[in-house]
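Undergrad: TrEMBL feature annotations, pasted as is:
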COMPBIAS  A:219-232  compositional bias 'Basic residues'
COMPBIAS  A:245-260  compositional bias 'Basic and acidic residues'
COMPBIAS  A:266-276  compositional bias 'Low complexity'
DOMAIN    A:17-79  domain 'SKP1 component POZ'
DOMAIN    A:116-153  domain 'SKP1 component dimerisation'
REGION    A:206-276  region 'Disordered'
Amino acid sequence: MSEGVMAVVKPEMKSYIWLQTADGSIQQVEEEVAMFCPMICREILQTGMGSSKNYAISLPQRVNPAILGLILDYCRFHQVPGRSNKERKTFDEKFIRMDTKKLCELTSAADSLQLKPLVDLTSRALARIIEGKTPEEIRETFHLPDDLTEEEKLEPLRNITDDPRIRLLNRLYARKRKELKEREKLKNVEVEEERVDERSVDDLLTFINGGSGESKGVKTNKNKKKNRRRKDHPKDSSTSVNGSHNKDLDALSSDYHDGDIINVESPSPSSSKLLDSTSVTFSPKLEFDDCDIDDDLDPAMKEELDREVEDFARRLNSDWPERMQEILSLGQERKLAPININGNGSAHRYTSLDRR
Amino acid sequence: MGDLLDRDLISNLPQSIIESILTRLPIRDAIRTSCLSTKWRYKWTTLTHLAFDEKCVTLSNDRTLVERSLIDFITRALFLHQGPVHKFQLSTSYLQSCPDIDQWILFLSRNDIKELVLELGEGEWFRVPSCLFYCKKLTRLELFRCELDPPPAFKGFLCLKSLNLHQVLVAPDAIESLISGCPLLESLALSYFDSLALNIRAPNLKYLCLEGEFKDICLENTPLLVAISVAMYVTDDIAEHFEQSSNCNFIKFLGGIPRLERLVGHIYFTKYLSIGNDQGILPITYNHLKIIELYQVSFEDMKEILVVLRLITNSPNLQELQISGSSNTLAAIEASDLDFWEKQCPSDCAFGRLKVVKMTDMSGVPHEMEFIKFLLKKSPVLETMSITPYAYVLDGRLNMLIELVSFKRASPEAEILFIQD
């Protein structure tokens, strides 16, 4: 069928197709192998290119020479019609064993050449890599930037076993969220507006982070949301507690918001003033967070939790009020410079904020 | 940060590939990717295939808790989802009838659902809401343990290609009109219906799978049928009904399907086909029929073995034959009409393509042996004849073997395998 396309060819010689990758290098490959690729096949049939070195078919940019070699190996095996399904599967399983970086490049290249069976194979392999891993592990494997804001990642964890560490952790998260909110208000207004939009969706992104599927993440509209959730709380044991806290909370919200407003209007209020208002609101709020926590804890979450708890535990050597004071004063000064509160690890939190 | 962007291996792949990867993950892992990085936050929300089961949530001994958390999970996932949902699958024994499922189906009906699979638990069967019948683009529907009650105005799913109803409560005429109202229907599977009498009119039907207690099946208009698998159970009333029937079931069932390529029958199927008057010569030839599998054939019932003979003599291109017997050995000492096979079969008949024969659960009754002898004599290209004796017959095996050895073989390549446990 390609006789019209080929130049001078002796009958017993194999026909070759010439391919050129984006970096300029040219390869030749057996015709039947190249034709297995729909994109190359189309190029040959429609434009007649590929018959000689000067008229090599230009491949898409995503195909580099090393990856092209891999793809051609795949094509060379599979274009032979007589192979059994078992043989093909065995080949595929062996073929797919390569490092993640190459696998991603291969997926991209196969997609640009429209080689669907190979795309399916690599997608499956990538899915197998992702499955069951924690977010940290996935980020590590694929070199993903950890650029979600702390706000976006923080959410109360479920504490079914009444674990004091988790209670503590959630308090810290709540504290952190409040800090971040204050910080944002002190920054550009535009940024704030943008993030306000995000936040309403964030409210709904509740069950990510592998919580038992339903950790009710509370971000900015948290007071309102917490109110609602309080009413729907299914657990009998905590309903009485909930009831009383609802009332507390209503009273609290106004206080809390007042506190915020004060913050915005006077960028550097006296720390004592802020301390006063927040010390009033803070303790009930701690209780409040406690009651949030119910239901089971995802085992995968447990690992994450343990790590985070260690992290935090290191930072909690000092007493609570002192720590609070330091954090608040940091907020006032709008400084994001890392400050060694307890030594190890604490700096980490602030630098990640820096990156925003 | 800029350095990290260059190193990011995967986030910049085309969305179609990302979706291809995410679809291959369990839904929970797929949704978790939203906390990987800013680029990944909403990548999962446009997935068009959603498959939920109890693995989405943490299991515990408290069933109500699991049920509640599963409902919450699915509701939130659908709420956050953007764009069309083409395939939705829910398979869990933890959910039975609950109002949330109604809302999910309503949501799906507004989002171009094409394939819907609902596999729910035992207990109260879920009554499918009427909004399901307004899913105009539905191409595949699978329901397990549901109640189906189509509204009177419902004419059918115009795009439906595959229908699978398993333990579904639905009125018989509703099923018939549902089937005939789906002009593109290619694959139909009905299981565990009680005493169903069914007329199937489906001009494009290719694959049919029936299992349950069927009183009467008539393939009225299914000219394109390619593969059939029937497992027919019989209760006493149905057996009575069989006795009184006078139609020829063979013609009613297999009379209008010239394109048949594969036939599988279990339990009472052969008996069912044997009922009614035998017309003598069968008016139809199954030129494409390559594989026949008939289980629980009683070789003492002359009518049943006549059915077998009719089938194989009208299938000139038959390649593979598998038959399992179910004879009562005690009753089969005496058998009449042993030259039945030769007599009933046209003299020039030969099974020119038959390569593989498997006879299982053989008790060694005379007609079984005659049948094997007959096949060996008339199959010039036979490659394997394997015989597995019925597990509880131990004495007769030697006699069976002695007989087997004496049979003439038309095919020089034929191997006879006697398979012992």
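Yeah, the Cβs are placed from backbone N, Cα and C, and that goes for glycine too.
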Undergrad: Can you break down the domain 'SKP1 component dimerisation' (A:116-153) into helix, strand and coil residue counts using DSSP?
TA: 27 helix, 0 strand, 11 coil
Undergrad: What is the number of residues in the domain 'SKP1 component POZ' (A:17-79) that are helix, strand and coil, as DSSP sees it?
TA: 32 helix, 11 strand, 20 coil
Undergrad: Determine the mean pLDDT over the domain 'SKP1 component POZ' (A:17-79), rounding to the nearest whole number.
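TA: PLDDT averaged over the stretch: 86.
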